[in-house]
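Chemist: Here it is, the structure in full.
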Amino acid sequence: MAFPGNPWRNSLSYAAENGHEPTVRLHLDRHVDPNSKDADYGRTPLSWAAGKGHDSVVRTLLQYQADANCIDALGRTPLSWAVEGGHESIVDVLLEHNAEVNILDNSLQTPLLYATQQENESMVALLLQRGPELDQLDKCGRAALSWAAGLGHEGISRMLLDNNATVDCADDSGRTPLSWAAGNGHCNVLSLLLERDAKIYSKDHGGQTPLSWAITQGHEAAVKELLSKPELSSSITDNQGCSYLTLAAEAGHQNVIETLLHDGAFSDSKDERGRTALSYCSQSGMPHIMQILLENGAKADSFDESNRTPLSYAAEGGYEEAVQMLLQRGAAADLPDEDGCTPLYYAAGVGSTKVMLLLLERGAHVNSPTKTSHTPLSFAAEGGHEEAVQMLLLRGAAVDLPDEDGCTPLSHAAGAGSTKVMSLLLERGAQVDSLDENGWSPLTHATEGGHQEAMKMLLCKSVDPDDGQPLMHALDDELLLRLLLENGSNPFDGNYESSNCGPLGSAAECGHEAVVRLLLESNTEHESRIHHIEAALLSAAGQGHESVVQLLLDQGISPAQAYHTFQDALGLARCGGHESVVSILKACLKGSLSQRDRQADTKPGY
């Protein structure tokens with residue numbers, strides 16, 4: 001009989017799930033199938049009762065020949081559900097009725113794996129009596145011993161090993177039980193595995209060893225336990241070429257670093273990028289660990305593969321105490337890396353004036369250029385670091401040194417919209433009309449960045465509002481566009497002759513009717529206005545922007561004045577399939593021809 005609330009399950013199923021043994025027995029006496037499955041999960045009454053821990057119901061169902069090994073839609077058996085639920089007495093009963101211990105569910109889990117993951121030692125012991133497969137791998141490729149070791153359960157680990165579980169069974173990532181125990185800092189299991197001859201040098205697919213896992217996770221006791229083995233040396237590296245000391249330094253584990261140094265680790269050992277432990281600690285601003293490394297012989301000026309020094313990293317992080325410590329240990333203040341960037345350059349880029357002052361007092365060159373000719377001043381200006389810019393200017397930084405792209409510090413500051421930095425540079429005589437390699441002026445950079453206040457500041461300096469074609473960068477922002485036009489910018493200026501179609505043509509091509517109207521209204525007398533309108537007409541017609549085409553035609557341009565332009569526009573509209581634009585242009589051409597005929601008809605002698 002189906003249950004009224006759920007037609008996919010019968011009342012026996014619900015009675016079993018809820019532990020109503022008399023009701024279960026009543027249904028069974030009426031010959032209801034004890035192995036009937038629900039439609040949702042494919043579970044039998046025994047599966048539900050076992051999972052919920054109803055001992056008496058389980059026994060009754062088994063008396064009525066319920067299948068102890070029935071499998072549901074998830075591939076699970078009553079034993080699997082009972083084990084996961086921790087119902088030991090039910091597990092015992094099911095095993096007495098020949099429940100199979102090695103059936104895999106859809107997640108490749110066995111009852112033993114569930115029991116281990118639940119850290120249920122007595123349940124594991126019960127299952128082991130039935131000889132389960134100890135090295136069965138789950139969907140992550142992990143066996144029961146891997147889980148027990150990773151969870152730090154010594155009792156379960158010992159039982160599994162005593163029953164001949166493979167001590168070095170690796171999972172899908174190549175990690176062994178020893179790796180998991182070390183990485184999670186479980187020294188009790190670690191010792192047990194080492195006693196059973198677990199491979200101390202085992203490496204996973206990422207090249208990490210048990211020791212490297214213990215180090216990166218900061219488990220000092222586990223590190224000491226592993227290092228106590230004579231066959232392991234702290235000077236060896238993993239597959240990635242990382243020295244164990246650099247791993248500890250990168251992770252910032254002071255106690256582990258001290259342990260490794262005490263064990264004889266070389267203080268200047270390098271990883272695959274040529275970086276030392278001191279380099280990593282300097283980058284993270286850890287003066288206490290840096291002090292330990294320096295006292296153990298670490299070199300203050302060690303170079304990595306990018307030619308960067310610990311001082312370079314400390315300066316980039318703005319770590320004053322770390323920088324001071326390295327300088328006191330003799331680190332050179334002005335060593336450039338492979339890109340030509342000095343510690344001062346990095347410090348200026350983050351606006352760390354305290355670090356900058358330390359470096360400048362040690363002779364750092366204020367105008368030292370990178371390989372791309374960037375200077376500390378341009379980097380500080382780009383970041384909008386007012387105090388850093390002021391310090392560099394007071395120390396004699398050249399205000400107008402361009403980089404390889406021709407951008408000056410003022411251009412960088414304008415592009416960032418930093419008006420305070422711009423004021424400092426302008427007070428020092430920065431050129432407001434300098435053009436970079438792209439022909440952009442500081443005003444262009446400010447416009448491109450959408451910085452109104454920066455634009456206003458430059459426009460107040462009597463700059464040519466069309467130098468560098470700033471209008472071309474304001475077409476998507478009506479406020480910026482109005483600001484330029486109100487300050488004398490002319491969309492028909494000769495500066496825009498080098499552009500394909502100028503501001504008007506670009507706006508027309510994109511169909512920005514409001515912008516086109518604004519540009520047309522800004523200057524009605526310029527001699528090249530008609531030329532720009534003709535170019536814009538071609539752009540608008542080719543893209544099928546009917547309203548823009550009509551707006552341009554309303555400016556007085558006619559086929560009689562620009563017959564070839566109209567013919568070209570008509571051809572572009574036809575090619576694009578823009579019939580409405582074709583109709584407008586044909587009407588104009590027809591009207592022009594009619595007018596010409598009428599004029600000819602009135603001539604004497606016609």
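Every residue, even glycine, has its Cβ placed from backbone N, Cα and C.
Relevant sequence annotations retrieved from TrEMBL are reproduced here:
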- 41-73: repeat 'ANK' (REPEAT)
- 74-106: repeat 'ANK' (REPEAT)
- 107-139: repeat 'ANK' (REPEAT)
- 140-172: repeat 'ANK' (REPEAT)
- 173-205: repeat 'ANK' (REPEAT)
- 240-272: repeat 'ANK' (REPEAT)
- 273-305: repeat 'ANK' (REPEAT)
- 306-338: repeat 'ANK' (REPEAT)
- 339-371: repeat 'ANK' (REPEAT)
- 372-404: repeat 'ANK' (REPEAT)
- 405-437: repeat 'ANK' (REPEAT)
Chemist: Which bits of the chain, at least 6 residues beyond where the repeat 'ANK' (306-338) starts or stops, bring a Cβ under 8 A of a Cβ in it?
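Modeler: For the repeat 'ANK' (306-338), the far contacts come to 273-274, 276, 278-279, 281-287, 290-291, 294, 300, 344, 346-347, 349-352, 354-355, 358-359, 362-365, 368, 370.
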Chemist: List, by number or range, the same-chain residues at least 6 past the repeat 'ANK' (41-73) whose CB is under 8 A from its CB atoms?
Modeler: 12-13, 15-21, 24-25, 28, 34-35, 79, 81-82, 84-87, 89-90, 93-94, 97-100, 103
Chemist: Can you count helix, strand and coil residues in the repeat 'ANK' (273-305) using DSSP?
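Modeler: Computed counts for the repeat 'ANK' (273-305) are 17 helix, 0 strand, 16 coil.
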Chemist: In the same chain, who gets a Cβ under 8 Å from the repeat 'ANK' (173-205) while lying at least 6 residues past its ends?
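Modeler: Beyond its ends, the repeat 'ANK' (173-205) has Cβ neighbours at 141, 145-146, 148-154, 157-158, 161, 167, 211, 213-214, 216-217, 219, 221-222, 225-226, 229, 231-232, 238-239.
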Chemist: Within the same chain, where does the repeat 'ANK' (372-404) have neighbours whose Cβ lies under 8 angstroms from its own Cβ atoms, ignoring anything closer than 6 residues to its ends? I mean 6 or more beyond.
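Modeler: For the repeat 'ANK' (372-404), the sequence-distant neighbours (Cβ-Cβ under 8 Å, at least 6 residues beyond its ends) are 339-340, 342, 344-345, 347-353, 356-357, 360, 366, 410, 412-413, 415-418, 420-421, 424-425, 428-431, 434, 436-437.
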Chemist: Summarise the model confidence on the repeat 'ANK' (339-371) as a single mean pLDDT, whole number.
Modeler: 98
